[in-house]
2 protein chains.
Amino acid sequence: MINILSTLQPDFAQKFERIVEARRETDNDVAGQVTDILQTVKLRGDAALAEFTHRFDGYTLAEDADWSIPPEACEQAYKDLPGDLRDALDLAAARIRSYHEAQLPENRDYVDAAGVRLGAIWRAVDAAGLYVPGGRAAYPSSLLMNAIPARVAGVERIAIVTPTPKGVSNPLVLAAAHIAGVDEIWRVGGAQAVGALAYGTQRIRPVDVITGPGNAWVAEAKRQLYGVVGIDMVAGPSEILVIADGSNDPDWIAADLLSQAEHDPTSQSILITDDAVFARQVEDCIDIQISQLSTGRTARASWDAHGVMIVVNDLDAEAPALANRLAAEHVELAVDNPESLMHKIRHAGSIFLGRMTPEAVGDYVAGPNHVLPTGRRARFSSGLSVLDFMKRTSFLGLDQTSFNAIGPAAATLAHAEGLPAHAKSVELRIK
Amino acid sequence: MINILSTLQPDFAQKFERIVEARRETDNDVAGQVTDILQTVKLRGDAALAEFTHRFDGYTLAEDADWSIPPEACEQAYKDLPGDLRDALDLAAARIRSYHEAQLPENRDYVDAAGVRLGAIWRAVDAAGLYVPGGRAAYPSSLLMNAIPARVAGVERIAIVTPTPKGVSNPLVLAAAHIAGVDEIWRVGGAQAVGALAYGTQRIRPVDVITGPGNAWVAEAKRQLYGVVGIDMVAGPSEILVIADGSNDPDWIAADLLSQAEHDPTSQSILITDDAVFARQVEDCIDIQISQLSTGRTARASWDAHGVMIVVNDLDAEAPALANRLAAEHVELAVDNPESLMHKIRHAGSIFLGRMTPEAVGDYVAGPNHVLPTGRRARFSSGLSVLDFMKRTSFLGLDQTSFNAIGPAAATLAHAEGLPAHAKSVELRIK
């Protein structure tokens, strides 16, 4: 039974700060190894890829056909899916596409009062690379959440890298690649695959942006290549904050908390409620559900190590400040009228409104992206969107009249900053 | 006299690729030193800041009054400016503000065909930290370009860190801080100042986003803290690409090329023209102007090492492909009708339209941000904007009807991915 905190406890503030500051991320001393792998791939290209893949994945890249999975294999995997699963993936894809289409930014092009033409054009990057993990964490939903925004953004070339240990690939992932319209699938993984996407090799052309989840080596490779290419946010362990009054079914809330806990022992599930009796009921339900889950061992480890329950006097008055300090990836508002709480919560990756909106529905089929900032990064970063696959070019245009109006000020500032060529390029044009 | 390339040369493609791939960035082996400094600041806070500031800046932080520059000093610096300089800074600030206000993103909140409420809310980060270099590179225009977007985004607290070697601060920078409405100015610089902003110290509260230019130590500190806080893009040496026909005044184009070259010996200026005679005229003008510039030595070093002139047959047919490969920070289109070229240039930080729009007018007073992606990063990243100081929270809300419509697909996918608690949290709610 875990300790239930109460905001009435005299040492609550300290206990809560300890929870906020706790680092769940495991230090993996992989930076040096990753640097070596990236350098090797940069210098030796495909030969290095083949060596690493043989060593780490037990898979031999010899013939051309060994290197990639053709679109036809993806289409076949899609056709071979059970009907309900195919329909579910199709529904998810359609809804993700529709949500992200509504996200496309607008260009601007206007002439201001001084007669200066100003604006900005958004354009897609030329090529995106997506990392798709092999093995247990190979989620088709993740592939859709990464590839569809890239496609909606207008990216012309989408290349996947994914390890196929001993040559085995995941048919669900291939089917998702078919639905998303991925252009290339390369059978390489780890830091070496990320390096190949960034630097390019004989076979794999370089990309401009790399996204997608991966292990510590993959995350570190992306971090080191930030600036060579664009990357999505560095991700840490996942978390959910459920804010629930006592009128919820405790079994529902228990399942919601466990849907985070079952991901990984480092995941965190937090309940804030104004009903201490309800909190105990939820915990009882958690114990029962864990015993029935095939993922029970992971869920138990996560809940025991990182699960938190906080009882407050008044949800509306107290929960938002706690939520903003936690800046959680997922925030469920399991109350009748979530509107007021929603507007007070400034820092959250995604907010799930009302009793009928469990996180899991957002993970798969609602439409918004499930790649969200973790580890309090919702304070400053956003979930994956079409903007991660686009960039903006500003533009400006002056004529003699508008130049005469604002040019002299530019020359004055250039002189003051000690940049005479800047000043001259302006002064030559003033008439 | 520099070598003028022509697209007619048989080895042009190779020569051009060498220019594209050339790294102008100097390797500074500062990573280890920066790691140590950041750790020390994290552990020892203000005491560490005082020691580093004494050692690196020759300035003693003892009394409270030594640590920061009060708003009154900034206001006084503003009042003490010569009238034309004050007016120029005011004009720049007003135009930057207006351009960035037009950039504010719109929230979304809608109900889709399945009855699912979907949307996203943009919010400012709570606090932004801006690095302002001391000494030669202390540009008031840079302060405006960083602080005003943060203020327009709605950031409540803006803290500047800036070294004041031997206690000397730059009155132009203080005046700009007054205009931009900066809240705090801390007299610390280097990696230690960036660490203080990220981790917080006894005196300096932590911020959520850190932007602003700096030397190799500052850039490396930001890179290492990426993820602890948000940062703007890692910046490299600056560059300009001028695309100009033979009808330009060669003196104007020479000044434009030199306005980049005078920044730093690692800066790069490139001219693409369809008129070989004009190219030679521009080069003659460059030689004359350099001899008259107080920044001539820097401009000479940059032009000799990195200056490039390329003669093409047909600007409209050939220049866009070259420009896209270069993905330059600044692209001037010095032709009568720049519209067609503009739409073919996919990768550029900012585009300057027509003969009357030199880069320098954009550096100071046009309105768009002058913090732009360098070193070919315009392929995947954008200039600084209000978005760098904001983040987006997605939200979703279902009722029983919409849940029954899409919930079953979520449960199917959860089972397929081996996540039974996800499935249960959905299945419990299906009626």
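Cβ from N, Cα, C; glycine included.
Within the same chain, residues at least six positions away from A:Glu329 (active site, proton acceptor) with a Cβ under 8 Å of its Cβ are A:Ser238, A:Glu239, A:Ile240, A:Ala348, A:Gly349, A:Ser350, A:Leu372, A:Pro373, A:Thr374, A:Ala378. According to TrEMBL, the feature active site, proton acceptor maps to A:Glu329 (among others).
A:His330 (active site, proton acceptor) carries a strand DSSP state (E or B). Per TrEMBL, the feature active site, proton acceptor maps to A:His330 (among others).
The Cβ of A:Tyr131 (NAD(+) binding site) lies under 8 Å from the Cβ of A:Ile160, A:Val161, A:Thr162, A:Gly189, A:Ala193, A:Val194, A:Ile210, A:Thr211, A:Gly212, A:Pro213, A:Gly214, A:Val218, A:Lys222, each on the same chain and at least six residues away in sequence. Taken from TrEMBL, the feature NAD(+) binding site applies to A:Tyr131, A:Gln192, A:Asn215.
Of all the Cβ atoms in the protein chains shown, 26 others lie within 10 Å of the Cβ of A:Asp363 (substrate binding site). Under the heading substrate binding site, TrEMBL lists A:Ser238, A:Gln260, A:His263, A:His330, A:Asp363, A:Glu417, A:His422.
For A:Gln260, A:His263, A:Asp363, A:His422, the entry in TrEMBL reads Zn(2+) binding site. The number of other CB atoms found within 10 A of the CB of A:His263 (substrate binding site), across every protein chain shown, is 22.
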For A:Asp363 (substrate binding site), the one of A:Gln192, A:Asn215, A:His330 that lies nearest, given that the recorded positions are compared by Cα: A:His330
Cα proximity to A:His330 (active site, proton acceptor), best match among binding-site residues A:Gln192, A:Asn215, A:Gln260, A:His263: A:Gln260
Binding-site residues (A:Gln192, A:Asn215, A:Ser238), the one with most neighbouring Cβ atoms at 10 Å: A:Gln192
DSSP-derived class (H/G/I helix, E/B strand, else coil) of A:Gln192 (NAD(+) binding site): helix
Recorded positions in contact range of chain B, given that the Cβ distance is under 8 Å, out of A:Asn215, A:Ser238, A:Glu329, A:Asp363, A:Glu417, A:His422: A:Asp363, A:Glu417, A:His422
Annotated substrate contacts A:Ser238, A:Gln260, A:His263, A:His330, A:Asp363, A:Glu417, A:His422, maximal Cα-Cα distance (Å, integer): 56
Tertiary neighbours of A:Gln260 (substrate binding site) (same chain, Cβ under 8 Å, six or more apart): A:Ser238, A:Glu239, A:Ile240, A:Ser267, A:Gln268, A:Ser269, A:Ser302, A:His330, A:Glu359
Pairwise Cα distance for A:Asn215 (NAD(+) binding site)/A:Glu417 (substrate binding site) [Å, integer]: 47
Other same-chain residues whose Cβ falls within 8 Å of the Cβ centroid of A:Tyr131, A:Gln192, A:Asn215, the recorded NAD(+) site, in sequence order: A:Pro133, A:Val161, A:Pro163, A:Gly189, A:Gly190, A:Ala191, A:Ala193, A:Val194, A:Gly214, A:Trp217, A:Val218, A:Ala221
